[in-house]
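As written in Swiss-Prot, here are the features:
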| type | residues | note |
| --- | --- | --- |
| BINDING | B:ASP87, B:ASP89, B:ASP91 | Mg(2+) binding site |
| BINDING | B:CYS88, B:CYS104, B:CYS111 | Zn(2+) binding site |
There are 2 protein chains.
Amino acid sequence: MSDNPQEYELDWDVEKRLKLNDAGLVPAIVQADGTNEVLMMAWMDTHALAYTLATRRGTYFSRSRNEYWIKGLTSGNVQEVTGVALDCDGDTVLLTVKQTGGACHTGAHTCFDNDVLL
Amino acid sequence: MSDNPQEYELDWDVEKRLKLNDAGLVPAIVQADGTNEVLMMAWMDTHALAYTLATRRGTYFSRSRNEYWIKGLTSGNVQEVTGVALDCDGDTVLLTVKQTGGACHTGAHTCFDNDVLL
C-alpha cells in the first residue's frame, strides 16, 4: 500500500454522507480507547479519512503546514485507530484510538490538560 | 441574570487565549460526565462560552439558524456543565456535561451512534 494519504480515496457511499467545510475539511475528535478521554481535535480531508480507515493510523490534514500529518510519524506517538464514526449530519468525525505516548504536540497526555476554565 | 447569551462577555484573560475562526466561532466538543462519552459537537462564540461559564447551561451558536441555542430549552434535554477546558492552542473547547435525555437533535443518546464506519 502507498504511504501517501493523497492517493487514498473514500468509498463513494461514505464520501456522499460527509459534509466538508469550505476548505474541504471536517473536524475529527480523537478519544482514547477504553477511557473515552478526549485527547485532541484535528482536521481531515477525504484522503486523510480514507488513509485512516485503510491503515488504522490516525492521519490528519495540518491547516498550518498545509500537508498530511500521520500522527506519530516523527514523534513516535502513534495512534492505532479502533473506531471511526460520523455524526448525525456528517460534519464531524469521531475517532477512537490506542494512543502511544502523549497525544498533544506539547507532549501532554491530552490537548485539554493545561487550560481548565471550570 | 439575563437569559440572553449575547449580553454575556468573556473575561479578557480567557478571550485573549481563544482562537476564533473567520466566523468568530470555536468548535465545542461535549462529553458526558462520568463515562467521558462524546455526545455531540457544536460551535460557540465568545458570548455562548461566557453564558455557559456563568450559568452552567450548555449553550451554543447555531450556524444554520444564526442564533444562540441554549441546549434543551425547547426539547428539555438540558446539559448541566461540570467542566470546561481549552485545548493547547485555544481553538477548541471541551465541555463535560450531565446530559438529560438524548444529546442529539434526533433524540439519540449521542450524535455518533448511527453512522459507524469502523
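Yeah, the Cβs are placed from backbone N, Cα and C, and that goes for glycine too.
Shown on the structure are the features that Swiss-Prot records.
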| residue | record | Cβ within 10 Å |
| --- | --- | --- |
| B:ASP87 | Mg(2+) binding site | 25 |
| B:CYS88 | Zn(2+) binding site | 17 |
| B:ASP89 | Mg(2+) binding site | 14 |
| B:ASP91 | Mg(2+) binding site | 17 |
| B:CYS104 | Zn(2+) binding site | 19 |
| B:CYS111 | Zn(2+) binding site | 26 |
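Residue pair B:CYS104 (Zn(2+) binding site) / B:ASP89 (Mg(2+) binding site) shows a Cα separation of 28 Å. Rounded to a whole number, the C-alpha distance linking B:ASP91 (Mg(2+) binding site) with B:CYS111 (Zn(2+) binding site) is 22 angstrom. Distance between Cα atoms for B:CYS111 (Zn(2+) binding site) and B:ASP87 (Mg(2+) binding site): 22 Å, as a whole number.
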